[in-house]
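Pulled from Swiss-Prot:
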- 21, 23, 25, 27, 32: Ca(2+) 1 binding site (BINDING)
- 57, 59, 61, 63, 68: Ca(2+) 2 binding site (BINDING)
- 94, 96, 98, 100, 105: Ca(2+) 3 binding site (BINDING)
- 130, 132, 134, 136, 141: Ca(2+) 4 binding site (BINDING)
- 81-116: domain 'EF-hand 3' (DOMAIN)
- 117-149: domain 'EF-hand 4' (DOMAIN)
- 116: N6,N6,N6-trimethyllysine (MOD_RES)
């Protein structure tokens, strides 16, 4: 995961890590995490801090080291990127920008992509993604469908 980061991103994250790692020992404790979060106006409980550490503490030593921190940041970035990409993709399909992808919208985009689909195939694709059964695909349904791929 972290191997997909640029050198610039790694340098930025190293700086951020140093802000958390108050005593400079190369690891972030729950106490250090709490200090930083409180300085940002958050008020996490000790249990919440422990949960946050445990979530990324790959070696189970109770603290976050830099490689673990990098993995966390890379995961968060990937989530953000894919959400933006999904919004853009949805806009491409939602021709009339009404918040829904109709069979006509779907057919139009697929044809432009060079996909020769029959009306039945288009209807079937819409049906598969159309969770609430209203005959069109809203953003939530689109995200579910894309994430399932």
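From the backbone N, Cα and C atoms, a Cβ is placed for every residue, glycine too.
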Residue pair the residue listed as 'N6,N6,N6-trimethyllysine', residue 57 (Ca(2+) 2 binding site) - Cα distance, angstrom, rounded: 49
Cα-to-Cα gap, residue 105 (Ca(2+) 3 binding site) vs residue 136 (Ca(2+) 4 binding site), nearest whole Å: 10
Across the domain 'EF-hand 4' (117-149), average pLDDT on the 0 to 100 scale: 88
Candidates 21, 27, 98, 130 (binding-site residues) - the one closest to residue 57 (Ca(2+) 2 binding site) by CA: 27
Beyond the site residues 57, 59, 61, 63, 68: chain residues whose C-beta lies within 8 Å of the centroid, for Ca(2+) 2: 27, 53, 56, 58, 60, 62, 64, 65
Cα-to-Cα gap, residue 134 (Ca(2+) 4 binding site) vs residue 27 (Ca(2+) 1 binding site), nearest whole Å: 52
For the Ca(2+) 3 site built from 94, 96, 98, 100, 105, further residues of that chain with CB within 8 A of the site's CB center: 93, 95, 97, 99, 101, 102, 136
Rounded inter-Cα distance in Å - residue 132 (Ca(2+) 4 binding site), residue 100 (Ca(2+) 3 binding site): 12
DSSP-assigned states of the domain 'EF-hand 3' (81-116) in counts, ordered helix, strand, coil: 23 helix, 2 strand, 11 coil
Binding-site residues near residue 63 (Ca(2+) 2 binding site), in sequence order, restricted to 27, 94, 136, 141 and a 10 Å Cα cut-off: 27
Residue 61 (Ca(2+) 2 binding site) versus binding-site residues 23, 94, 141 - nearest by Cα: 23
Spatial neighbours, same chain, of residue 27 (Ca(2+) 1 binding site) - Cβ under 8 Å, 6+ residues apart: 21, 61, 63, 64, 65
Output field, Ca(2+) 4 shell: CB within 8 Å of site CB centroid, site 130, 132, 134, 136, 141 dropped: 100, 126, 129, 131, 133, 135, 137, 138
